[in-house]
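Per TrEMBL, the feature domain 'Orotidine 5'-phosphate decarboxylase' maps to 17-264. Per TrEMBL, the feature active site, proton donor maps to Lys95.
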Amino acid sequence: MNFINQLARAERLHDSLLCVGLDPEPGKFPGAWKGDAARIYDFCARIVDATKDLVVAFKPQIAYFAAQRAEDQLERLMAHIKRVAPDVPVILDAKRGDIGSTAEQYAREAYERYQADAVTLSPFMGFDSIEPYLRHPDKGAILLCRTSNPGGNDWQMQRLADLPGQPRLYEHLAALAQSAWNRNGQLGLVVGATYPAEIARVRELAPTLPLLIPGVGAQGGDAVATVQAGLVRDAAGAITGPIVVNSSRAILYASNGDDFAEAARRVALATRATLNAAR
Ligand SMILES: O=C(O)c1cc(=O)[nH]c(=O)n1[C@@H]1O[C@H](COP(=O)(O)O)[C@@H](O)[C@H]1O
């Protein structure tokens, strides 16, 4: 089953648009685990176990593992998710982007070493930096388009004077990802929940692509506006393209006590309900 179908199945099974982001910071771990990088797997596995029936996807961020020399724990965590939540696709957030020969290695790292179902990519280096991921046709490749951070304005909002209509960079990318670049139908786009107007614009330009939308929770993005902008219906009332709304810190660190997993589940339930109410 390919990534797009995995997403559709998980959304249906769990009635959810919510992706739980796995960004483990040992300094924020509860009780005796605080500061202990050897507990990264244990912490994340508890979060996975507590939320696996509530989510459309999980999104581990590779930097939180690599910075702690904990890639082995990420491998174990990926295997754990496959075992306990085989219906939930996993998006490896790695934001890779490099020349083709190096991109081939990054693709193998994400899809083979870590068994990810999809990976986030920076499209700054152009199509030949994306193409190696398309040689894995069942996997997803999700391109940064209009990111949630303020610095996204530096490039993404600039107009391309040489192109007809002078689109903004993020608009041009959304149009390419919906058309010429999407050879096997694997591409998705990242659009921040902090910019609902641009989510709506991306949805116009890329009506069928999955949108990964981080920025609700800790970054203060508007969950209701996000869903209203990203979930669009066709004339027959069917959703044109899926959305996957990520929250990491607000769920992971809902409590710093021994009840952290229960607290994470409570926040995940509430966030799922808020997203669903806005559909
Ligand atoms: O690609 C991403 O996931 C991403 C893109 C973006 O534009 N903004 C963004 O915050 N992210 C990631 O989404 C997560 C957001 O975490 P919280 O702000 O704690 O919910 C982090 O792992 C970020 O690296």
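Just so it is clear, glycine is given a Cβ too, placed from its N, Cα and C backbone atoms.
Here Lys95 (active site, proton donor) comes close to Thr120, Leu121, Ser122, Leu144: these same-chain residues lie at least six apart in sequence, with C-beta atoms under 8 angstroms from its C-beta. The DSSP secondary structure for the residue listed as 'active site, proton donor' is strand.
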